[in-house]
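Peer 1: Here it is: the structure, laid out below.
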Amino acid sequence: MSSRRYRKHSKMKFDNILAEINGFGKFQIALFLIQILSRITLPCHFLLNNFMAAVPSHHCNIDALDNGAVFGNLTLDQKLAVGIPAERDGTPSSCQMFSEPQYEYLSSSNSSKGSLTVQCQNGWVYDKSTFKSTLATEWDLVCSRKGMNKATATIFFIGVMVGAPVFGFLSDRFGRRPLLLVSYLSSLIFAVLSAFSTSYVMFVILRFFTGMSLAGISIISIVLNVEWFSIEHRTFSGVIISLDWTIGNWILVGIAYFVNEWRKLILAVTSPLILSIIAWRWLPESARWLVAKGKTDAAHHYIMKCAKMNNRSKCMSTITPATLLESAETEHGAKKYTFVDLFRTPNIRKLAINSGMLWFGVAFTYYGISLNITGFGLNPYLTQFIFASIEMPMKIGVYYFLEKVGRKHGQMGSMLLTGLCLFINIFVPKDKWTVRTVVAVLGKSMSEASFTIMYLYTTELYPTVVRQNGLGYTSFLARLGVSISPLIVLLEDLWHLLPAATYCAVAVGTGLVASLLPETLNTRLPEFIEDIEKPSESMVMLTLLY
């Protein structure tokens, strides 16, 4: 290959331009800070059910048993003793009551087996010491209706699952910036409306659309970040943007502690989106996407803006719309790419299948662990705070690991270690709760690491022209895994170890699937599908020279 040919191709890669204008300066920092405002709302909504749908202690309302005689003169504890059967641990039953007062229990500790019990007849009385109001207390989603309470989270994540490919397709077609604004506005509108729901059905419908809208923020923001960072700082950008999940988690705990009414809680955790909409005017479009689409004038505008903020304006003398037009390869940029393009040709089809299985397995395992870790014996606020705090040192460790070892081995290792922790806990007796908790927390940390790596890894694997389509497709499969994961717990009716064995098997299988993907550490982001199907000699040489 001649040096002349090499120089020509060196101009044709966006990463060369980004290196000239500084791929990690004030411009990129501003981009990250603007997006924090919207991204901190993601964990607030994704984990909102831990507080909004909490089920406080409750028992049947036994006022109907008051016949104006002896019952009315009893203390509250005595009324509970004669009106509600006791569980094995001595606490009042949550779903049963006596059809008539059983006064004999005032003077003896006889079992209530022989007494006639019925389902709660006049609603429930809830303990409001921790939560003033939740979905469960608002619409009595307990006992025979408890499945409806759990369904609120499932329906929300189905919304996220549907929204991911929709926003992925639209942002690849119309750009990252306008679709982010659509996502901000729709998320705010549907979340606020859900806080004023007058019925359960209205609420779950609005939560579905809230999840669908938030999916846009989730997948578009990380791609916009990665597309503006240089090769040597992509790892940093991918990991640091995941730290806002931890920050948002902490914010959720703080807000939920002080706002214990579910309607006000929704409004409080959604409020940062107002600032996001205001700050959107300073948010840049992805110049990489503009170049790939042949929109070189707009790309040049943002590249100039980046160069000016990063004090590299002098470097722009050789970068003009004309040179960008040459690099755009407009015969490719003019093509309309869709989800189908992820499966048209062999290499990208293999990539799509393997990355799809990876996302499903990582999400399935992560939420399986998150929803089933027990043993702390702490209140929900402190438990949530501990889980959030565990994530911070893990993500910092992931950054250094990815820089030295790479994405492929990081993804494989984190998932295999997650599976190992799950496997160990299968054999730890339940009375050894300290050991079980430590192992479970380590498993969650490894699972969190795999989630962090997965987002960065995927954005580097897919070409620019289908990057959002790819992320939307994989995110769809991830939310499918999230929706199925809680249902696995029901398998314990068949065999008490089956849920843990299932999560373990999926974690190990996912780690093995990751071994089929290529390494992306210090490689250039592919621009077109052809870069994956037939990597050019020049592209390989550029990567080696870098």
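Using the three backbone atoms N, Cα and C, a Cβ is placed for every residue, glycine included.
Among the features that TrEMBL reports, domain 'Major facilitator superfamily (MFS) profile' is placed at 107-521. According to TrEMBL, the transmembrane segment annotation covers 151-171, 178-196, 202-224, 236-259, 265-283, 351-369, 381-402, 409-428, 470-491, 497-517.
In the displayed structure, how are the listed features positioned relative to their neighbours?
Peer 2: Proximity of distant same-chain residues to the transmembrane segment (351-369), defined by a Cβ-Cβ separation under 8 Å and at least 6 residues beyond the stretch ends, is recorded for 342-343, 411, 415, 418-419, 422, 440, 443-444, 447-448, 450-451, 454, 458, 461-462, 470, 473-475, 477-482, 484-486, 488, 499, 503, 506-507, 509-510, 513-514, 516-517, 532.
Packing against the transmembrane segment (381-402) from elsewhere in the chain are residues 47, 50, 235-236, 239-240, 242-243, 245-246, 249-250, 252-253, 256-257, 370, 373, 410, 414, 441, 444-445, 448-449, 452-453, 456, 521: each is 6 or more residues past its ends and has a CB under 8 Å from a CB in it.
Sequence-distant contacts of the transmembrane segment (409-428), counting only residues of its own chain at least 6 positions beyond either end whose CB sits under 8 Å from a CB of the stretch, comprise 358, 361-362, 365, 369, 398, 401-402, 435-436, 439-440, 442-443, 446-447, 449-450, 453-454, 457, 497, 500-501, 503-505, 507-508, 510-512, 514-515, 517, 519.
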Peer 1: Residue list, the transmembrane segment (202-224) vs rest of chain: Cβ under 8 Å, 6 or more residues beyond ends.
Peer 2: 31, 35, 38-39, 41-42, 45-46, 135, 151-152, 155-164, 166-168, 171, 176-177, 179-180, 182-184, 186-187, 190-191, 193-194, 238, 241, 283, 286, 455-456, 459, 467-468, 471-472, 475, 479
Peer 1: Which range out of 151-171, 178-196, 236-259, 265-283 gives the transmembrane segment (470-491) the most CB pairs under 8 Å?
Peer 2: 151-171
Peer 1: When you scan the chain for residues with a C-beta under 8 Å from the transmembrane segment (236-259), skipping those not six or more beyond its ends, what do you find?
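Peer 2: Hits for the transmembrane segment (236-259): 24, 28, 32, 35-36, 39-44, 47-48, 51, 221-222, 225-226, 228-229, 265, 268-269, 381, 384-385, 387-389, 391-392, 395-396, 398-399, 402, 451-452, 455-456, 459.
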